[in-house]
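Student: The structure follows.
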Amino acid sequence: MSSDNENSIKFSSMRRKLLMGMAALPAAPLLSSAGLFSTPAYAQAPATAAVNTTGLAVTDTEVTVGILHSVTGTMAISETGSVQAEKLAIDQINAAGGVLGRKIKYIQEDGASDWPTFAEKAKKLLVNDKVAAVMGCWTSASRKAVLPVFEQYNGMLYYPTFYEGLEQSKNVIYTGQEATQQILAGLDWVQKTKNGKTFYLIGSDYIWPRTSMKIARKHIEGHLKDSSVVGEEYFPLGHTQFNSVINKIKLKKPDVIYAAVVGGSNVAFYKQLKAAGIDLSKQTLLTISVTEDEIDGIGGENFAGAYSCMKYFQSLDNPNNKEFVAAFKKMWGEKTVIGDVTQAAYLGPWLWKLTVEKAGSFDIDKIAAASAGIEFTKAPEGYVKIHPNHHLWSKTRVGQAQPDGQFKVVFETPDLIEPDPFPKGYQ
Amino acid sequence: MTIPAPKSGRTFFLRPQDLIGIIVLAILLLVVLPLALDNFRLQFVGKYLTYAFVALGLVLCWGYAGILSLGQGVFFGLGGYCMAMYLKLEASSVENTKIQSTPGIPDFMDWNQITSLPWFWEPFRSFGFTTLAVVVVPALFALILGYALFKRRVGGVYFAIITQALAAIMTILIVGQQGYTGGINGITDLRSLHGWDIRTDSAKTILYFVCVGLLLGCILLAYYVKSSKLGRILVAMRDKEDRVRFSGYDVSSFKIFVFCLAASLSAIGGAMFTLQVGFMSPSFVGIVPSIEMVIYTAVGGRLSILGAIYGTLLVNWAKTSFSESFPELWLFGLGGLFIAVVLIFPNGLAGLWQSYVAPRLGPLFGGAAKRRAAPPSASPPASGPVAPAAAE
Amino acid sequence: MFADYSLAELGSIFVMQGFAGLILFSVFVLMALGLAIIFGQMGVINMAHGEFMILGAYVTYFTSQFFLHFLPSLFNIYFFVAMILAFFASGALGMAVEWLMIRRLYKRPLDTLLATWGLSLILQQVYRSVFGPREVGVELPNWMMGSLALTDTIEVQINGLFVMGLTIAITIAVALLMYKSAWGKQVRAVVQNRVMAGAVGINTEKIDRNTFGLGCGIAGVAGSAFTMIGSTGPTSGQLYIVDTFLVVVFGGAQSLLGTIASAFTISQAQSTMEFFLSGSMAKVLTLLGVVIILMLRPQGLFVIKVRR
């Protein structure tokens, strides 16, 4: 693979000289004529005109992609890890020879935790910068805001966050898990190993927790034997007082607390849970919203013992992951932690590269069509594959939090789980 | 503060320099900016201008009547949501939504197991009703609120804090009732207005001009209110409420009126926002956007109708360009602006213009300028009784 | 919902729920006390109150780190040191702010609102740049964690007791300071008639600065205490601001007693409703209730002077 890439680099630098001789010609005819001339001569090194028929920002030596996350505002805390992972992946791809012989250059835009800004910047990336792909967005709201833009201007978005599902687009590859992937296996596990029969559902009040809890409730009531939901509760984002609900939990004595609380509320919830004497090593708590990133703020000692259901943990024991963690820490410092979304963000550039190489083209339509079946064997989480519905086949894992803020993986689904963004029977 | 001297060579209700100001603004917005900016940037300006409606409302209600509302985002949101409901219904035609379990209702309702359209969505199938609702619903809401508060002589700080709490309540409600409102994601993926695709560049350009047209109309309305007897009563009330009351005026009714007017103006802005940006979400309703809208007015000059427009454009332009090049510095800049505008130039850009630029321009326009140069910012900023509620 | 439980169980739940209400009450009082002093006594609306609290929280975090690394043997008592430091840090910042900004704005209360909002944005960005955008986890000494078992079924949180104790102590201290000390007499004199107070030789500027500093200092202590129950990050202060203002306004601005009564009413209403309804609705109903009562009784529960 690497020798191929070296070749293509050499070829493209030759072609660049050739092109420079024609610099007087206007840009568009230049590209097409260069393509015509060079196609037979350099069959192995794909010519720009051949791999880019829609005028994306692809030159003979470079291809431009966009990174679109919040660097400022309330979401900056969460999205920083994704930006870091995407930059790492791009660096690594470039070091390995780039994509179709072209180095990846990125343009980073700040969504500023503001959804119209996301839409504007997405449009700028697609219309002004003509980027070949965008790695970005974190919250559902930002994705919903940019989705019409991507569909209208035919762009490609690699979206890293685990999310509520109920969406599928030609123009988006979802590298995180959709809700059923994340939820069902974890519930099965908790029922089997912890003998969980009664569940208390608690979440922040917005679309992701509500949809997730809906799926969880359907599964608990319809698919798990003799199990029931004894309470379901939502709190406004930013809520900081949980003593009343903790009393309710004490009253109901559920076997399992199933939590999807986010942001600052998360910190308050676990601190108050611990203070109220609910010992997470005895009371089973399964959450779908706490990754290594969140534990930083909650404090490892407040969360130790709880279970988290994710597709990736920093502590995963496989060669891919060890390499990834080492590279990430080398680039961003020893103290950084890597959560589920960060890893999913890292997949974005790689999956895009593999797809482009399979399609032999940067054209969005060709990438969208070629995405199904793309396999990435070097993924830190193991092996992933893109499903025709543009979500990933992935394993689901349950980790138990340790006082040092890391998870010990206690369960892993034996097979990859099929993504099902519109689950029948769960809506 | 002195009331602008009435009847000095007015055309209708406009003083000559106001007329010049409006014409200059119109040329800037209708000719200069569309020619100078590419489509992409022009759409930014279009979005900023929707906030200018709010700022305009605040000039009337805060600058002239002394009512500081920290909940204008609520009205902006009400207008925006009314329009978004209409557009969403149009986008959710049966054939567009045939993969849903209940076709013909908005997608987010389907995800929330709502099987038929809620009753309060039903009327928004009609464009006529929607246009009416954009103006009337927020005004009604403001009427109820204003009636309850002003009749009991709640004012100043208390009013500000109550409206702020309302902004918080509104956000929690919209986010919590996601089956009916689209929740935190808002109402997205709006496509067409009466079959006219609003997502294309040409549509956005047309909407920009519509927005400018409406804004100019609202500016004229504001000038009319300001120059009418009502406007002078408002100023008098702000400066000595008791004296106006003792003169036999029903102070609270005037306050209610101007508050409703400001609410409707904000709502028009909200509706234009939805049309131009293509979605509406609770993040424009809450406390933070509401206070930011106040700062637009303060920067432009709380006493100046045109100043508020320029203030809005300037702050938003600064926000966009700052956050592009120095994201870290933006909050410092915005925070500093808040403090500076309060401490150093309380009458905003318009005040600076009046004290430094206008006197020098005066001779160019002949003697008439001498009469105008004095008010409304004659008083030096440091001691200026710009904050009406301070008039205790 | 209570059908399946024995009387004893129900009894203990009610006790614990009452206790939860009391904790919320203490939290509200602690949040609002500093603001009540500043708003009630000086008429200044300090929108940066939350940021002063978070400064206290960061001070606590750094104190805990310091003790952890240099004085691990004394870690058990670091919290007291942290609270004192938090008081002085926030208080000093408050005095600086008063001197640079607030003192020019006493005649314009609505403008203090805008200026302090600007200040809060700046402080947030300072925290973000200096301490990083992520929330920090403040480690507590072991004795402050967990709960006391009063009976087999009744457990009360130690940190809840701690917050309650702290609230009582600070409230008493403030009350004594305001109503028994010579300094408090001067403060009240300045509030009631600034010119006369100046005429009889009170240094009104100094009184203003100290009062503002005191309010901010108390905010710092509150922030320090809240590291036990909430998050510490650049924007965490924003979470408290609406509740705090409503408590103060609902109580009637000029009265400390009013603040306490209003904190009690709001906290009990909220915690009871949270128990019987869902969390989001409880919050909306509480806020709405407060707003409606404020419409009926615009000057709050306890009023000293009614009309201007």
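Every residue gets a Cβ built from N, Cα and C, even glycine.
TrEMBL labels come from automatic prediction, so no person has curated them.
On a predicted model such as this, the values are computed, not experimentally measured, just so you know.
So TrEMBL says this about it:
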- B:370-392: region 'Disordered' (REGION)
- B:20-37: transmembrane segment (TRANSMEM)
- B:49-71: transmembrane segment (TRANSMEM)
- B:127-150: transmembrane segment (TRANSMEM)
- B:157-176: transmembrane segment (TRANSMEM)
- B:206-225: transmembrane segment (TRANSMEM)
- B:246-273: transmembrane segment (TRANSMEM)
- B:293-317: transmembrane segment (TRANSMEM)
- B:329-353: transmembrane segment (TRANSMEM)
Student: Pairs of Cβ atoms less than 8 Å apart decide it: which stretch in B:127-150, B:293-317, B:329-353 has the most with the transmembrane segment (B:20-37)?
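Tutor: By Cβ pairs under 8 Å, B:293-317 leads among B:127-150, B:293-317, B:329-353.
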Student: Contact between the transmembrane segment (B:127-150) and the transmembrane segment (B:206-225) is defined here as three or more C-beta pairs under 8 Å separated by at least 6 residues; is that satisfied?
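Tutor: Contact between the transmembrane segment (B:127-150) and the transmembrane segment (B:206-225): absent, because fewer than 3 Cβ pairs are under 8 Å.
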Student: Mind checking which residues of the chain, 6+ beyond the ends of the transmembrane segment (B:127-150), have their Cβ under 8 Å from one of its Cβ atoms?
Tutor: 74-75, 78-79, 82-83, 85-86, 159, 162-163, 166, 193-194, 251-252, 255-256, 259-264, 266-268, 270-271
Student: Do the transmembrane segment (B:293-317) and the transmembrane segment (B:157-176) come close, with at least three CB pairs under 8 A (pairs 6 or more apart in sequence)?
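Tutor: Touching, no - the transmembrane segment (B:293-317) and the transmembrane segment (B:157-176) miss the threshold of 3 or more Cβ pairs under 8 Å.
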